[in-house]
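**Q** Take a look at this one; I'll ask things after.
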Amino acid sequence: MCLIWGLFSVIIASVAQLSLGFAASHLPPMTHLWDFIAALLAFGLDARILLLGLLGYLLSVFCWYKTLHKLALSKAYALLSMSYVLVWIASMVLPGWEGTFSLKALLGVACIMSGLMLIFLPTTKQRY
């Protein structure tokens, strides 16, 4: 069950990151503070997505807290790297996002997935 909480945390954090990225690209820049505040107070789609992203991070922290009660920190922390993979894939697949495929990024994803497999594969104890 602890791994399930960890996966929930990763998925929710990935969705939250995508939501915040969407909101940041559609809201006025914070350098124009009054325009930014006005957009937040209007509570349009962009502001609602920003709020959902922030709430998503809060929910992700709760799931992370539940994960750390049962799963070793070394494994739990490594699990968070899956978020990078999910966000990269989602940015290429979802309409409106401008994620680009590159061999460098694919190599990075392969390294992350290889590391996760090394950490999470069951080990066999050798008898001497």
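Numbering starts at 1 and runs along the chain as it is shown here.
Cβ atoms here come from the backbone N, Cα and C positions, even for glycine.
Quick paste of what Swiss-Prot says about this protein:
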type	residues	note
TOPO_DOM	24-35	topological domain 'Periplasmic'
TOPO_DOM	57-76	topological domain 'Cytoplasmic'
TOPO_DOM	122-128	topological domain 'Cytoplasmic'
TRANSMEM	3-23	transmembrane segment
TRANSMEM	36-56	transmembrane segment
TRANSMEM	77-97	transmembrane segment
TRANSMEM	101-121	transmembrane segment
**Q** If I take every residue in the topological domain 'Cytoplasmic' (122-128) and average their pLDDT values, what number comes out?
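**A** Averaged over the topological domain 'Cytoplasmic' (122-128), the predicted model reaches a pLDDT of 72.
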**Q** Take the topological domain 'Cytoplasmic' (57-76) and count its residues per DSSP category (helix H/G/I, strand E/B, coil), listing them in that order.
**A** 18 helix, 0 strand, 2 coil
**Q** Using DSSP, what is the helix/strand/coil residue split across the topological domain 'Periplasmic' (24-35)?
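**A** Reading the DSSP string over the topological domain 'Periplasmic' (24-35) gives 6 helix, 0 strand, 6 coil.
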**Q** In the same chain, who gets a Cβ under 8 Å from the topological domain 'Cytoplasmic' (57-76) while lying at least 6 residues past its ends?
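**A** Cβ under 8 Å, 6 or more out: 1-3, 5-6, 8-9, 12-13, 16, 119-120.
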